[in-house]
Amino acid sequence: MVFGMLGLVGALFAGAIADAFMSSKGSDESDAESDDAAADSAESADTSTGMMNWVETASAHGESPDPVSDDQELNGGDGNDILTGDAGDDTVSGGAGNDQLGGRDGDDSILGGSGRDEVHAGEGRDFVRGGTGADDLQGEAGNDRLLGGFGADSLSGHDGNDRLAGNAGADTLSGGSGNDRLDGGGGDDWLTAGFDDDVLAGGQGSDTLDGDFGNDTLLGYVAGQVDANVDYLNGGEGNDQLIVGNGDVATGGQGNDEFRLGDWLDQGDAAQIQDYNAAEDDLVVVYDAAAHPDPQITLQQLEGSDDVTLLLDGLPLAVVQGGAGLTAAEIQLLAA
């Protein structure tokens, strides 16, 4: 694993995530290839009134439409709507209220709107945006993109290579199967990778990142971001890379793991490395060559303890638990 990962991941969450999720509604529909889709019939229920309605383009209160295409555009009203697409590339918008939205097959674009919404995207390459409220977004099969919005949201990618972004609020993100990319955004978030090789970035707030299975990359620090909150990085099984931020608590778990520290750690408390094993794991210190032209690593054993503090030119970066036998020669220096 090389330092280029920092730039790559910084670009991923500062650029690709923004491009993928923060687009306009028009862009969402274009990505789902349903801008000009004609309407087909779909059944919906507004649970605020207990009435069943047939839904046509741009209305949740229309008359029975004539089916002319597999692609649908379904829009809810102000109540608690139930809208479900069909086999085509559908655009489903819940509007206000606590809605239940589904895409079924096809590459769908589903927008929750305001309220506490529940979305099941179904099969296909889907785009889902929760909007305001505490939403439950399920990507299901396919390579999906899920954006929580405001509120304490729950996002689950399930199958496929998914991209999940919590945005504001204390969110829960779960990748599932596939090589997923998860970004907690603002708030105190919980990110779980699931299976395969995933990238998890906590963002702002005090976050918990669980790598689970696979060779994962966990970021308590992302280049260009300032975050003094304590994150908890747990690699789990596999050969993981943990990029550690200020005051973070990092546990590699099973496998040959890499703990990556840097001179960005001058903004807060030293990190905590809990299970470094010199026979299996690597400690890498990334530094700015201009600020540290002749970098020196020193180790200070804490009195009455087997723990040692790792310092770069006198700057404490991390406390390595049980690191009494650690030597400076075992630590890799890498210029940025």
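Placement of Cβ uses the backbone N, Cα and C atoms for every residue, glycine included.
Per TrEMBL, these features apply:
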COMPBIAS  29-38  compositional bias 'Acidic residues'
COMPBIAS  39-49  compositional bias 'Low complexity'
COMPBIAS  115-128  compositional bias 'Basic and acidic residues'
REGION    24-142  region 'Disordered'
REGION    161-188  region 'Disordered'
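Same-chain residues lying 6 or more positions outside the region 'Disordered' (161-188) and placing a CB less than 8 Å from one of its CB atoms are 12-13, 16-17, 20-21, 134, 139, 143-155, 194-207, 229. Under DSSP, residues within the region 'Disordered' (161-188) fall into helix, strand and coil as 0 helix, 9 strand, 19 coil. Taking H, G and I as helix, E and B as strand and the rest as coil, DSSP gives the compositional bias 'Basic and acidic residues' (115-128) the counts 0 helix, 5 strand, 9 coil.
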